[in-house]
Amino acid sequence: MKKNGMNAAVRATVRVGIYTGAKVYFVHEGYQGLVDGGDNIKLATWESVSMMLQLGGTVIGSARCMDFKERWGRLKAACNLVKLGITNLCVIGGDGSLTGANQFRTEWSELLLDLTKEGKITADEAKRSSHLNIVGMVGSIDNDFCGTDMTIGTDSALHRIIEVVDAITTTAQSHQRAFILEVMGRHCGYLALVTALACGADWVFIPEMPPEENWEQHLCKRLITQRERGSRLNVIILAEGAQDRHQKPITCDQVRNLVSKKLGFDTRATILGHVQRGGTPSAFDRILGSRMGVEAVMALLEATPETPACVVSLSGNMAVRLPLMECVQVTKDVTKAMAEGRFEDAVNLRGKSFQHNWNTYKMLAHVNPPDVKSNINIAIINVGAPCAGMNAAVRAAVRVGIIQGHQMLAVYDGFDGLVNGQIEPITWSQVSGWTGQGGSNLGTKRHLPGKNIEEISLNIAKFNIHSLIIVGGFEAYLGGLELITAREKYEELCIPMVVIPATVSNNVPGSDFSIGADTALNTITTTCDRIKQSAAGTKRRVFIIETMGGYCGYLATMAGLSSGADAAYIYEEPFHIHDLELNVEHLIEKMKTSVKRGLILRNSNANDNYTTQFLYNLYSEEGKGTFDCRMNILGHMQQGGTPTPFDRNFGTKMGSKSVLWVTDKLKECYRHGRIFANTPDSACVLGMKKRSLLFQPLTSLKDDTDFEHRIPKTQWWMRLRPILKILAKYDAIEIDTSEVAAMEHIIKKTGEIKGGKMLNK
């Protein structure tokens, strides 16, 4: 099947392969091309993967192949590979393709024996190709492959779905309606579940977790409650494989008839179908594809006949290698668990990320606020520059707080609002529809508490605030530090606090990602795509583009990866006259090839003297007669826009997690009828670190922070910079393999896996 983001993986595999000195071949039309051979297996060149990043689907074609399922088909395929001396196979596909690849590898030596006997290959040829290495990359939009957090193409599919949901919800606001949306996912509810979270749906039907008996009444009751709370719109998301407890399918029509007949609501149903597979791949998928492509080449180069076939995948934010057959096995176990009605097991086997999504959804959609209130007041504030996804975090925090029985307070206009007492209770229905809204509805300012600490502490006492949730960028972190430092003097500040990183710059210490960065990245990438298209038409043109981010080079680097830039200048990696000279020469050489265009990114504060204008002047002068230049400063459009699915979900998870943490902290800090929190761990940053969401004391992050330049001292994405250079055809680049992904097991039980040579201790 075609999946978005596959091209990024193909491009990276080809270029890194060529870079390491390997010969890389394209196999066109999937396994069918492997069987048919001839022109279907072609040598790939550097230029043959140019302009591929922004294309959906897969450039080399893919096909479901019957011949490869037969032994004679695999025999022909083996013969074609041996003749070309190919001993490493990189397969991008779903569990069917990957299982097929493993079978091919297992019987490789038998196939070679047969071919030698039949005289199709010589003994020498057989010896040269004595074993086959296989590495898989998972490309399947419904993310149904166990062991992977995100498969290539899932994020792009979510982009398509959310575009449709947003369009539908705006029309529905004007009429009172119920909408039912069917998304892809025959055996896996991932897309449906994440869509439901991202649009704040009232109900979701997924195959792993069928609804309780007599769900029809529950659903109707739920929709009525939402209407009574003032909601004009009900959204129901349904995975195409939705089923009830007795494994009878639940269809779109069935739900529509129920709602319209039983409640008399005006009800519309939309089946999304193949729209979800199309369109341009998202920035996340391009970077994921590129990272996986690099990892796949590394895995192949390090493979021995003894290492099991592996899948490269992303867990949290880390590239990992997993034994292919274990992943296939667990994927089968899920199907089995569902068939046997062990639904809890099915959800658990899907992995941590799926469980978190399910629990967050369940809490936000199915728990009613308690009758007994907790008498706790939690205030929420936005600090710093606005970014997409802030509102999603606020909405989730407000609703989870209300579900916990707390009163939620909104502070308007940042710390200024805390100083001036712009603080009001915020209710359940006030935040409805906020998930998909960009910017900051509470209003946000860059001002820090500074000299106004006294007014702040007076207002904390006056409004009886027991805890503070600060959503924002580097200022949110700094402001939090100021408040803790002032605890010695002002007892009112001895309350639990949590900072949720939200800024396009992604420069908050204690987190690999911040809310808003993904949306900004997609905005930059889309713009770069358009600019590249213009350059491809005019030929011999180099574009110099300035991105936001202050001193943090995250946006420039990641946008460079996702739009295929020739260079990305950033503050964290100093560059000098010699580097600039190299870059210019590199572009002059590039203009001699068939790819006659260049894209240079520069982070806004990359260098005080080598400004964007300076670079433009330099490239214009040096490129005279070879290429001409244009300059674009992207500016504030990078802060706006509708939040991407990633930012909506990240915001939703962070918002709800922070309130649950605060609730526990308040119980710990309750002494003699009052709250008193002054330990370092009572004021934390909630951040994504490698593989999980962690709470880290603000004070513990001080050592790793460069306060002058407002960035963390160590930044994980710096390790991706060499990939950017290799993909842009620079030589002699050191790849940082210090965190090389070791093979990890995902099956914990002992005993052998059938068909594999893998023993788990």
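Cβ atoms here come from the backbone N, Cα and C positions, even for glycine.
Caution: TrEMBL annotation is automatic and unverified by curators.
Listed features, source TrEMBL:
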- 1-366: region 'N-terminal catalytic PFK domain 1' (REGION)
- 4-299: domain 'Phosphofructokinase' (DOMAIN)
- Arg64, Cys65, Gly94, Asp95, Gly96, Ser97: ATP binding site (BINDING)
- Asp95: Mg(2+) binding site (BINDING)
- Ser140, Ile141, Asp142, Arg177, Met184, Gly185, Arg186, Glu240, Arg268, His274, Val275, Gln276, Arg277: substrate binding site (BINDING)
- Asp142: active site, proton acceptor (ACT_SITE)
- 377-661: domain 'Phosphofructokinase' (DOMAIN)
- 377-761: region 'C-terminal regulatory PFK domain 2' (REGION)
- Arg446, 503-507, Arg541, 548-550, Arg630, 636-639, Arg710: beta-D-fructose 2,6-bisphosphate binding site (BINDING)
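On the structure: features taken from TrEMBL.
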residue: Cys65; record: ATP binding site; contacts (Cβ under 8 Å, 6+ apart): Gly30, Tyr31, Gln32, Val35, Gly73
residue: Ser97; record: ATP binding site; contacts (Cβ under 8 Å, 6+ apart): Gly30, Tyr31, Val91, Gly136
residue: Arg268; record: substrate binding site; contacts (Cβ under 8 Å, 6+ apart): Ile168, Arg177, Ala178, Phe179, Ile180, Arg256
residue: Arg446; record: beta-D-fructose 2,6-bisphosphate binding site; contacts (Cβ under 8 Å, 6+ apart): Val383, Gly384, Ala385, Gly414, Glu475
residue: Asn506; record: beta-D-fructose 2,6-bisphosphate binding site; contacts (Cβ under 8 Å, 6+ apart): Phe513, Ser514, Ala517, Gly549, Cys552, Tyr554, Leu555
residue: Arg541; record: beta-D-fructose 2,6-bisphosphate binding site; contacts (Cβ under 8 Å, 6+ apart): Ser534, Ala535, Lys596, Arg597, Gly598, Phe627, Asp628, Cys629, Arg630
residue: Met637; record: beta-D-fructose 2,6-bisphosphate binding site; contacts (Cβ under 8 Å, 6+ apart): Thr523, Thr527
Cα distance (Å, whole number) from Val504 (beta-D-fructose 2,6-bisphosphate binding site) to Gly94 (ATP binding site): 33
Spatially closest candidate among Asp95, Gly96, Met184, Arg186, the listed binding-site residues, to Val504 (beta-D-fructose 2,6-bisphosphate binding site) (Cα to Cα): Met184
Integer Cα-Cα distance in angstrom, Arg186 (substrate binding site) to Asp95 (ATP binding site): 14
Which of Arg186, Arg630, all binding-site residues, has a Cβ with the fewest other Cβ atoms inside 10 Å: Arg186
Distance from Met184 (substrate binding site) back to Asp95 (ATP binding site), taken between C-alpha atoms, in Å: 16
Lowest local Cβ density among Gly94, Gly96, Gly549, which the record lists as binding-site residues, within 10 Å: Gly96
Least Cβ-crowded entry, counting other Cβ within 10 Å, from the binding-site residues listed as Met184, Val504: Met184
Length of the line joining the Cα atoms of Met184 (substrate binding site) and Gly96 (ATP binding site), in Å: 17
Arithmetic mean of per-residue pLDDT over the region 'C-terminal regulatory PFK domain 2' (377-761): 90
Inter-residue Cα distance where the pair is Gly96 (ATP binding site) and Gln639 (beta-D-fructose 2,6-bisphosphate binding site), in Å: 41
